[in-house]
Amino acid sequence: MTRSVRRTRRPRRTPTVAAAAVAALLALSACGSADSDAGGGGAAEKLSGTVTVFAAASLKESFTALGERFEQAHPGTRVTFSFGGSDTLAASITGGAPADVFAAASPKTMKTVTDAGGTDGAPATFARNRLEIATLPGNPHHVSALKDLTAPGLKVVLCDRTVPCGSAARTALDAAGVDLTPVSYEEDVKSALNKVVLKEADAAVVYRTDVRAAGDKVEGVDFPESARAVNDYPIALLKDAPNAAAAKAFIALVRSADGRRTLTGAGFVEP
Amino acid sequence: MSGPRGGARTAPLPLLLPAVAGLAFLLLPLIALLVRTPWSTLPDQLTSTEVWQALRLSLLCATSATVLSLVVGVPLAWLLARTDFPGRGLVRALVTLPLVLPPVVGGVALLLAFGRNGVVGQWLDAWFGITIPFTTTGVVLAETFVAMPFLVISVEGTLRAADPRYEEAAATLGASRFTAFRRVTLPLIAPGVAAGAVLAWARALGEFGATITFAGNFPGRTQTMPLAVYLALQNDPAAAIALSLVLLAVSIAVLAGLRDRWMTAS
Amino acid sequence: MTPDRPGPDPRRPDRPGSDPRRPDQPGLDARLVVDRGGFRLDIALTAAPGEVVALLGPNGAGKTTALRALAGLEPLTGGHLRLDGAALDRTPPESRPVGVVFQDYLLFPHLSALDNVAFGPRCRGASKVEARKQAAAWLDRMGLADHADARPRRLSGGQAQRVALARALATRPRLLLLDEPLAALDARTRLEVRAGLRRHLAEFEAVAVLVTHDPLDAMVLADRLVVVEHGRVVQEGTPGDIARHPRTDYIARLVGLNLYRGRADGHTVRLDAGPSITTTEELRGPVFVAFPPGAVTLYGKRPAGASARNLWHCEVAGLETHGDQIRADLTGELPLAADLTTVAAAELGLHPGTPVWATVKATQTHAYPA
């Protein structure tokens, strides 16, 4: 059996973060120097105004970085974000919220918007997220696989199956043939993770990106069944986008090599 | 509502219009809920055991939280209303803090205090092997935390309005301060206590944020109706509406029943 | 002690210090000192068992504070309090053998009359049955047996007063305190209740102290009056003594006398206010002179042939009906009140501003040492 315990504690992460920062700087300077170049290509569409992006909460760190880069590359633009649960965001979009771009944490959520005719064109998958087990720092209970979570006395939290991370965890657990009774079905991935951060739970099944974002407050444990429950993140231009031109450019940035670097830096997997 | 008494004098328009507007504002969302209720599938929604489990748990926890609030909240209100100690104003402000604190923050604060690694919780765990998060007790504590201020404020207000000289009269008849409180003050402020208890009960029944944060969500153990409603809302809004309706119907029935029985007693 | 007091130092033979009571002597022996935000109460109060003492004084004189201090509801800042020889200074109200009838009775609204009265015995250790039995006996004694089950709000003012009295007596207090016991009643009820209260107080074997601002209540109900002004005792004595020899303007007004201070030299008293009064008493030194308004005769002109003694030139300041008489308030040489018949007032054509001459016969004045 393959055991791949990957530690996400700071000493090992620092190079990654530094590399990402260097990459970001390089990308920035590249954008700066290539601005006239890019401008030559897109002179007809000088971008301006505000781009409003509704994005799943797990995208907060990477999209915020990308937004800043976008604003620097296109002076005069502003990117404003609304991060939240994908379902809540989808509900506001179908309810008429004036947004340009929607980036969801699951195709199912995106589908509620496309079904309502809310998108302009088909959504594209720009990132994937895998599950990981988040354990207490130092992995004191020596969790190395899903089946270890059924150890007596171990307090495990899962996401409720009504939210994406919960259904993904259920798929993975079924694939592993593990019958796990958690102490709680949390309402979203952040609160599941928080229970481990606060040491109220010993482990949680959450997304890799969340483990990454939590730094050294939790330790991530990879498990093979996570491949069976990979979560696709689709992004789409919205039909009633007030600033469609800039929105398209932002989506292009997210899907560019630069965007992918930022996303993988945050723990996402390339599609 | 009691019927009009005597020659019904009409209410002046400057009072009537805002009153009607206020009532409409409160009632319209409820009416909308009723309008959008999937009546045809309602029976199916309501026969699931999870619904009744959640409802039973909600009633049990809200009632326990109310009792707990009464046991500690009424004496606290008495202390605030009837005694003088340095920093009383500050204490009163602190008591009302859970009213302004976002419930989720309240839940986190409870975890930091009573969680497995909390300031108090670690000792509970080490000495008695008690952990509160993820238990029904946790739900009761979370609900008490957010609901008790309503009771304390209501009872304190009633106490302040009540004539403290009744306690003096009791003292001259040989009653200790506690006897005076039990046999004179408490009966006198009973309507205020009842009103506060009902308020606290209603608040506890609808509690969501602190509960899910502190006690988590597990059917039958910590999943109360509001949690069930919220999670149903994620992918089955129709079910969420149905669940809300059950919660509403039960609470209206209880509140209306109590009002007639208790609150008009005096 | 202070020379600028409204009256001279009243003679109080039973003041502590001058005549210390033996500690084991039954009855009340108190010096109540309460300092409260600029107001200072400092009164000595003694009473023998069976005696009814009235604290009489204007509003704000400190009467109620004194009563609360006796009951233990107001802490003493000085002095002492002994009841039947036992020091009560530090005893909390619930442990004092003291019963209180509050001004508005403070009957517990959630309890029946019977349970109100049974409350005290119950708190003092009687069983529920025993307490109710005692309470029923007390209500019966007050003629309220039929109202035992009534809630206080169903009782009339007079009935409520009697329930409050029964409640206070049911604890068998050694000191009964009554705060304005008749103030909450209308004039008609007051008459009946006053008579009833007088009877019950007469039967009461221990000390009773009542507080009132009504001189009639005080004189009818009490054996002895203690007049309190500005937190101090200004005079005390039997009702008759105080009615005859008032020592302050407040008391003089209460008992309806014109009162002046002066210095006597034989039959002549030179008043502090200016003129002199001739009296029948022969005294020397500081004195009070008092005479009733009815003793004053008014003239429109200076009466011919009258001696200049006890004749003053005045001016009408105000008029009011007083019973079937007219009371004229006069200013001028000597400020005084005069009573005259309606007919006389009409004949003199009195109205505010009318100049008049006032005389009083020496035989109708009364001088006594200050």
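Placed from the backbone N, Cα and C atoms, the Cβ positions cover glycine too.
Please treat TrEMBL annotations as automatic predictions, because they have not gone through curation.
Listed in TrEMBL for this protein:
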{"type": "BINDING", "residues": "A:SER58, A:SER86, A:VAL189, A:TYR207", "note": "molybdate binding site"}
{"type": "SIGNAL", "residues": "A:1-34", "note": "signal peptide"}
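Less than 8 angstroms from the CB of A:SER58 (molybdate binding site) sit A:ALA105, A:ASN129, A:VAL189, A:TYR207, A:THR209, A:ASP210, each of them six or more residues away in the same chain. Every protein chain shown contributes to the tally, and the Cβ of A:VAL189 (molybdate binding site) ends up with 30 other Cβ atoms within 10 Å. Non-local neighbourhood of A:SER86 (molybdate binding site): A:ALA56, A:ALA104, A:ALA105, A:SER106, A:THR109, A:PRO164, each in the same chain, at least six residues away, with C-beta under 8 Å from its C-beta. Excluding A:SER58, A:SER86, A:VAL189, A:TYR207 themselves, the residues of that chain whose CB lies within 8 A of the CB mean position for the molybdate site are, in sequence, A:ALA56, A:ALA57, A:ALA105, A:ASN129, A:PRO164, A:CYS165, A:ASP188, A:LYS190, A:THR209, A:ASP210, A:ASN231. Across the annotated binding residues for molybdate (A:SER58, A:SER86, A:VAL189, A:TYR207), the two most widely spaced Cα atoms sit 15 Å apart. Around the Cβ of A:TYR207 (molybdate binding site), 29 further Cβ atoms fall within 10 Å across all displayed protein chains.
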